[in-house]
Every structure is written in structure tokens, then in C-alpha cells.
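Undergrad: The structure under discussion is supplied below as C-alpha cells; questions concerning it will follow.
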Amino acid sequence: MAPSRRMVASAFLLLAILVATEMGTTKVAEARHCLSQSHRFKGMCVSSNNCANVCRTESFPDGECKSHGLERKCFCKKVC
């Protein structure tokens, strides 16, 4: 039994839709963050919120506490 034209057309249309949707998906790369140790933060970094506030005074948008050896230091973050 040969496939009908309607069946072949439907299969072709379905295949075309699948190919078109795959072509439309693109992966968005996440922005890289650069870290720089804060020059103004004093003492051990316990709160990333306090670190971020100090980093904002240094013209960075954000900051976080990171382990540096045995001590925790404040590192300021920005998009590279």
C-alpha cells in the first residue's frame, strides 16, 4: 500500500517544523565575572552583604567573601 499524498505532505510539514524549531534555539553564554580583592575592606570577611557594600564604594557592582588560604577575604566582582 503506497502512502497517500496527504500523509507524505503531513510528514514533510512535521519534519520542517522540527528542523525550524531546532534552528531557532541558541545557547546564551553567561557573562564572566572578574574578581579583585577589596582595598578598603578591613578584617575577616564574614558577611558577603557587608563586602558588597564596601565594594560598591570602590565602584564595583557586587562583592562576596571568599576563602584565601586560611582566612576569608572580601573580593569585589564585576562583569569582564
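Quick reminder: no glycine exception, Cβ is built from N, Cα and C everywhere.
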Undergrad: Just choose from C51, C55 the cysteine that Swiss-Prot connects to C74 via a disulfide.
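TA: Recorded disulfide partner of C74 in Swiss-Prot: C51.
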Undergrad: Disulfide-wise, see what Swiss-Prot says C80 is paired with, picking from C34, C45.
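TA: Here Swiss-Prot pairs C80 in a disulfide with C34.
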Undergrad: Among C55, C65, which cysteine does Swiss-Prot link to C45 through a disulfide?
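TA: Among C55, C65, the cysteine that Swiss-Prot links to C45 by a disulfide bond is C65.
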Undergrad: For C80 (disulfide bond), which of the disulfide-bonded residues C51, C55, C65, C74 has the nearest Cα in space?
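TA: Spatially nearest to C80 (disulfide bond) by Cα position is C55.
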Undergrad: Inside 10 Å of the Cβ of C45 (disulfide bond), count up the other Cβ atoms and send me the figure.
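TA: Around the Cβ of C45 (disulfide bond), 22 other Cβ atoms lie within 10 Å.
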Undergrad: At 10 angstroms around each C-beta, which of the disulfide-bonded residues C34, C51, C65, C74 has the fewest other C-beta atoms nearby?
TA: C34
Undergrad: How many Å lie between the Cα of C34 (disulfide bond) and the Cα of C76 (disulfide bond)?
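TA: C34 (disulfide bond) and C76 (disulfide bond) have their Cα atoms 8 Å apart.
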Undergrad: Quick one: Cα separation, C51 (disulfide bond) versus C45 (disulfide bond), in Å?
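TA: About 7 Å separates the two Cα atoms.
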